[in-house]
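Undergrad: Here's the feature list from TrEMBL:
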| type | residues | note |
| --- | --- | --- |
| ACT_SITE | Asp175 | active site, charge relay system |
| ACT_SITE | His212 | active site, charge relay system |
| ACT_SITE | Ser383 | active site, charge relay system |
| DOMAIN | 166-412 | domain 'Peptidase S8/S53' |
Amino acid sequence: MVHVRYAALAATAAMGHAKISAQVHRELQAGGTAQDLVVNFRRVDIEALVLPESTDYVHQLVQTLSDHSNKSKQVVADLLGARVESACEDKFFYIDNTYFPCDKLTEAQVRNLAASPHVASIAKAAVMELSPVQSTSNNATVIATANQWGVDKISSPLAWAKGKRGAGVVVANIDTGVRQSHNAVKNNWRADYGWYDPSGGASVTPKDYQGHGSHTMGTIVGQVNGIGVAPDAKWIACVGCSSSSCAQADLTACAQWLLCPTNSQGVQDCTKAPHVINNSWGSTNGQATWFLPMVAAWRAAGIIPVFSNGNSGSVCGTVGSPGMSPDVIGVGASDASDALAYFSSRGPTYDNRIKPDISAPGTDIVSIDFNTDNGYAYMSGTSMAAPHVTGAVAIYLSANPGASYAQVYAALTGS
């Protein structure tokens, strides 16, 4: 019996060891502790989840995910205790059942977590990047009576002429924030459940840390100088990238908040979720999959995910993640002659699927300059292309309320 017991303990230890990434192993061996970790608990299979038919489906989904996450919190409490020595606050997210320790864990703590059957893996938290802007100029001159070339290229005015300008649709971006006071977007921000900054910023209205997010939002919904594709849509925003990089915990916080927004008092209202989310960020690692559970939750909630395809062109197989996912609309960049931009990442994906799904204007795009309330800037990149598609989705949903992802995808790729 003793030998059997030791064998079982050894097997459990081996299984726990396999759950710890090589990078975390090296850090533990070097110093006895590891930091900037993400603990991935076993997740709910959203695709297999059966919930009662209800107009409150998203709330039921969120409640199911939250209940599952609460069990993971208890596992951490049982294995690590209260961690009273920590001066910071750990982060738990129900959308993908992850735990981000706010400071270092000892080797014993890591191995205790890994030994739990509830834990799937332990890794270093990822850092994504904004799709790098290929060129920029802050001295764009706009003509008030003209539409920007990208807005015209995708035939937005034809939809406008039919009264379809995005009314009734809420768009969002996960980006560097938005300069809410800019003349192009100040009148269509939805203030109610409309702003979240998980990085700890104190601003009660949207601000922009870097400029990228204002430019992308302007292309989606800008109301002046012909910069916006869907000027009658409302917008909300979440800061997933407080600089040119995007921490996994912040991106996860944004993904969860957009699934079921909370207001400044922490009151949750899943009916305030956006219809479509623009994501002009990603990783050059086309096999990174950690964000895909969030995409699955969005899709289950009826939210359309749009991602830039990356700027690692012009050779094949350069598509980034999450744009490579078959469950998102991945967007490449084109120029004024409809040629694929030299910098736009190409497919196929690592598993030999075609990407991008669609390409849109992404060179010399004029939109908001975040430095002033009436300034404009040129930028180029797939970051600038994705918002054209997000705006087009908003127009389509305005004309076809309740349209499914499949219907939206078919309309975009079949036209």
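Every residue, even glycine, has its Cβ placed from backbone N, Cα and C.
A description of the local structural setting of each listed feature is requested, covering burial, neighbours and distances.
TA: A simple way to gauge crowding: the CB of Asp175 (active site, charge relay system) has 30 other CB atoms within 10 angstroms, across all the protein chains here.
In the three-state DSSP scheme, His212 (active site, charge relay system) falls into the helix class.
According to DSSP, Ser383 (active site, charge relay system) is assigned to a helical segment.
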Undergrad: Quick check for the class: what is the C-alpha distance, in angstrom and rounded, between Asp175 (active site, charge relay system) and His212 (active site, charge relay system)?
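TA: If we compare the Cα positions of Asp175 (active site, charge relay system) and His212 (active site, charge relay system), the gap is 7 Å.
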Undergrad: Can you tell me how far the Cα of His212 (active site, charge relay system) sits from the Cα of Ser383 (active site, charge relay system), in Å?
TA: 8
Undergrad: Roughly where does the domain 'Peptidase S8/S53' (166-412) sit in mean pLDDT, to the nearest integer?
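TA: Summarising the domain 'Peptidase S8/S53' (166-412) by its mean pLDDT gives 96.
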